[in-house]
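Here is what Swiss-Prot records for this protein:
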type	residues	note
CARBOHYD	Asn34	N-linked glycosylation site
CARBOHYD	Asn79	N-linked glycosylation site
REPEAT	112-123	repeat '7'
CARBOHYD	Asn139	N-linked glycosylation site
REPEAT	196-207	repeat '14'
CARBOHYD	Asn199	N-linked glycosylation site
REPEAT	208-219	repeat '15'
REPEAT	388-399	repeat '30'
CARBOHYD	Asn415	N-linked glycosylation site
CARBOHYD	Asn463	N-linked glycosylation site
CARBOHYD	Asn487	N-linked glycosylation site
REPEAT	532-543	repeat '42'
CARBOHYD	Asn547	N-linked glycosylation site
REPEAT	556-567	repeat '44'
CARBOHYD	Asn643	N-linked glycosylation site
CARBOHYD	Asn691	N-linked glycosylation site
CARBOHYD	Asn751	N-linked glycosylation site
CARBOHYD	Asn823	N-linked glycosylation site
Amino acid sequence: MGNEAGPIFEESNAEVGTPPADAVHDDFFFDYKNATGYADDCNITGDCNETDDCDITGDCNETDDCNITGDCNETDDCNITGDCNETDDCNITGDCNETDDCNITGDCNETDDCDITGDCNETDDCNITGDCNETDDCNITGDCNETDDCNITGDCNETDDCDITGDCNETDDCNITGDCNETDDCDITGDCNETDDCNITGDCNETDDCNITGDCNETDDCNITGDCNETDDCNITGDCNETDDCNITGDCNETDDCNITGDCNETDDCDITGDCNETDDCNITGDCNETDDCNITGDCNETDDCNITGDCNETDDCNITGDCNETDDCNITGDCNETDDCNITGDCNETDDCDITGDCNETDDCNITGDCNETDDCNITGDCNETDDCNITGDCNETDDCNITGDCNETDDCNITGDCNETDDCDITGDCNETDDCNITGDCNETDDCDITGDCNETDDCNITGDCNETDDCNITGDCNETDDCNITGDCNETDDCNITGDCNETDDCNITGDCNETDDCNITGDCNETDDCDITGDCNETDDCNITGDCNETDDCNITGDCNETDDCNITGDCNETDDCNITGDCNETDDCNITGDCNETDDCDITGDCNETDDCNITGDCNETDDCDITGDCNETDDCNITGDCNETDDCNITGDCNETDDCNITGDCNETDDCNITGDCNETDDCNITGDCNETDDCNITGDCNETDDCDITGDCNETDDCNITGDCNETDDCNITGDCNETDDCNITGDCNETDDCNITGDCNETDDCNITGDCNETDDCDITGDCNETDDCNITGDCNETDDCDITGDCNETDDCNITGDCNETEVSDAADGTDGMFLKSSSSLKLVALCDGCPTEDSPKSSNAKGKGSSVSAGLLLLAGSTFLVLAVGLSAVLFLGRERQNAVVICDNEVMMEEVPGCLSDASFAVPVTQSSDEARP
């Protein structure tokens, strides 16, 4: 050829010797300091000061300070060990581990874990979907939405909304001025000051003061050792143990034990269904409904109704201005002043004065040692021993002994069925006629109509074969058998069985403690409380609350507009329309439509054969079998199997711990967490996270826009479109297209017969067999065989440790490390290298096949450099070579009779080295901005980069 290298080489064939030790890598290296557009990992060990936007698509490891004044968009992990000061938005989709202070003044959106050991000051929104562990102060002035655990050991000051769906453990002060919605445990050891709503569904353990000015709804235990000042509603369904003062100005509804050792001042309603032990003063200005024991050692001043179903032991004064209904023992050692009705079904022992201005109904013993002045009715079914004066101006019905040692003045009817020993005056001015109140303690057998215009108190059986029209209250403690219509306009309290074969129309409350069998329509406009079975064969229309503790079997429509609380089985064969909450603890079998607009809490099986439309939360702990459509707009939490044969549309979270078998479409817009098998034969559209720990078999399309974590097999026969991460630990068999835009980590086999398009990392530890195209833009790490029959385009690193057989083109722009056989029958284009570093006084390059080095000079070739006609590289013996262009320096490797092609980035011109002679078709221009390196392998008859 005769051509010489000219100015390109100082020595065309000189051996330069060993390059500097710090410039030698295992395979080859080059200087990429001046390269632009590098879009893979960045690893920085010194300060990093970036004064404009930083956009990183690979890992970012920074071991010293990072100071960023533009947007920072990181789409993979960021690990920072120095201070990080970001003055504009930070958007991170991988883990972020910061071991020193982070100060952010723009939005911070993190879609994976954040672990921070220094202060974190965020002055705009933070949105985090992975765990967030902060071991020092966090100060946030924008919204904070955390969808996984947050663990904070320093102060946390949040001045806007915080929404947390994982555990929240705060070991120092939390000060929140926006709404706080926590759907899992919160454990707080410092003061907690919340100036807006707090809604907590997990345990809440607060070991210092809590001060809340918005509603507080807690659906699990609250344990507070400091003062608790709540200025709006508190609703608690778990135990509440408060060891210091509680001051509440809104309603307080507690459905489990409350134990309070400090003063308790409640200025609105309190509703408690567990024990309530108060060891200091309680001052209540709203209704107080307690359905278990209340034990109070300080004064108790209640200025509205008190309703207590457990023992009530008060060791100091009780002053009540509303109704007081106590259904178990009351023991009072101080004065008791009640200015409205008192209704007591247990013993009542009062050792000081009782002054009552409303009705007093006592169904067990009353023992009074002070004066008792009652200015309205008293109805007593147990002994009544009064050792001082009793003065009564209303009816007095006593069905057991009354022993009175003081004057007794009764100015209306008295009906007494037990001994009455009065040791002082009794003065009665009213009759006892059935045209007013009737009080009967024996059987009552009426074979025709009974028409009563006053109260009817029957303490034994009533048997009626004609119509019974009662225009005032009926109170029955024995069986009541009515074989024709019953029409009642007052309260009806039945404490034993009621059996009715005609219509029953009750326009006020019905309270039944025995079985109730109604064989025709029941229409109730007041509350209905049934504590044993109800069996209804006609329509049942209830326009207020129904509370049932026995089985309820309804064979026609039930329409309920108030709460319905059923604590045993409900079996309904007609439509069931409930427009308020339904709470069911037994099986619920509905064979026609159920339409529920309030919460529905079912703690045993639900079996529904008609449509089920629920417009608020459904919480089910038994199997749920639905054979027609289910449409749910609130959360749905099912802790056992769900089997659905119609469409299921859920517009909020679904959390399922048993199998879920759906034979038609499922459309879910909230998170879906399934901890056992899901089998779906219709389309499944999930617009938030899906987390599945059992098999998932989908026989039609699955479209998921949130993370999808599957810990067992997934078998999909329709398209699968996932727009966030998919993490699968079992086999994944997909027989149609899979399109994934987040990471995909599969730890067992993947078998795909349609196209697979993944726009983020894919990590596979089992075999992967793809029979159509695979297009991957993130790293792909496969630790077992990959067999692909369509094109495979990978735009980032691929690392494969098993055989890889590709029967069509593969195009890879990142590193590709394959440690076993690769057999490719189509084109394979790989456009990146493995490693790089810079040398001294020019660049050194080492080949794995030869140690012969060529020294390179700076500068571009001149125009009068020699040219050759065979510069395209054909006709020479060609083996492996390497092309490197960086800045204005050519980097050339010459190995024996090998050739290297140089491609200019802009003009596609070529430089060929062959037999140590330079051949060129056209000398490229100065490529100062060139920034790529291409390893090249050519055949002997055509050199193609």
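Placed from the backbone N, Cα and C atoms, the Cβ positions cover glycine too.
Fewest other C-beta atoms within 10 angstroms, among the glycosylation sites Asn139, Asn823, are seen around Asn823. When secondary structure is read from DSSP and collapsed to three states, Asn79 (N-linked glycosylation site) falls in the strand class.
Counting only same-chain residues 6+ beyond the ends of the repeat '7' (112-123), those with a CB under 8 A from a CB of the stretch are 77, 83, 92-105, 129-142, 144, 148, 154. The Cβ neighbour count for Asn643 (N-linked glycosylation site), using a 10 Å radius and every protein chain shown, is 17. The glycosylation sites shown are Asn79, Asn139, Asn199, Asn751, Asn823; of these, the one with its CA atom nearest the CA of Asn691 (N-linked glycosylation site) is Asn751.
When the alpha carbons of Asn823 (N-linked glycosylation site) and Asn751 (N-linked glycosylation site) are compared, the span between them is 19 angstrom. Asn643 (N-linked glycosylation site) sits 45 Å from Asn79 (N-linked glycosylation site), taking the Cα positions as reference. Under DSSP, Asn751 (N-linked glycosylation site) is assigned to a strand (E or B) in the three-state scheme. Its Cβ taken as reference, Asn199 (N-linked glycosylation site) is surrounded by 17 other Cβ atoms within 10 Å in the chains shown.
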